[in-house]
Amino acid sequence: GCDASVLLDDTANFTGEKNSFPNANSLRGFEVIDDIKSQLETMCPNVVSCADILALAARDSVAELGGQRWNVPLGRRDSLTASLDQANSDLPAPFLDLDGLIAGFQKKNFTAEEMVTLSGNSIINSLKLPHQTWASQGPVSLVT
């Protein structure tokens, strides 16, 4: 979700979202966000949330590949818990057809165009492209 709950590992108190049915074998790159967060924590401790890092990463990856660019309001707070059950019920299943995807996104008040933008980022991230991280490109800039 927008609170970066997907980044949380399982604990004794909850089972996280990383291995939910819709996320299994589709999400990766957690170490990239961890690296960015570590760098930011050394420069400005307790200022930038992982949720903001994810939002900026999504925007920048879409824009880098020629897609839309948008302003990202900052100030999100990171979740302290996650829910495997919610991830399994709220995220679109990987086998849905176009009509099923549109209906699912409409239930969350997204337009078909917004669904395509969000889904495009997911598809791009699933491609087997040469691995390159922001950390390897120098300091992280939060200037938008």
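Placement of Cβ uses the backbone N, Cα and C atoms for every residue, glycine included.
Annotation comment: TrEMBL describes G1, D3, S5, E17 as Ca(2+) binding site.
Summarising the annotation, TrEMBL assigns substrate binding site to P92. The Cβ of P92 (substrate binding site) lies under 8 Å from the Cβ of P22, G100, L101, G104, F105, each of these being in the same chain and 6 or more residues away along the sequence.
Feature annotation from TrEMBL assigns domain 'Plant heme peroxidase family profile' to 1-124. Secondary structure of the domain 'Plant heme peroxidase family profile' (1-124), assigned with DSSP and counted as helix (H, G, I), strand (E, B) and coil, comes to 62 helix, 0 strand, 62 coil.
Annotation for D3 (Ca(2+) binding site): spatial neighbours A51, R76, R77, D78, S79, criterion Cβ-Cβ under 8 Å with sequence separation of six or more.
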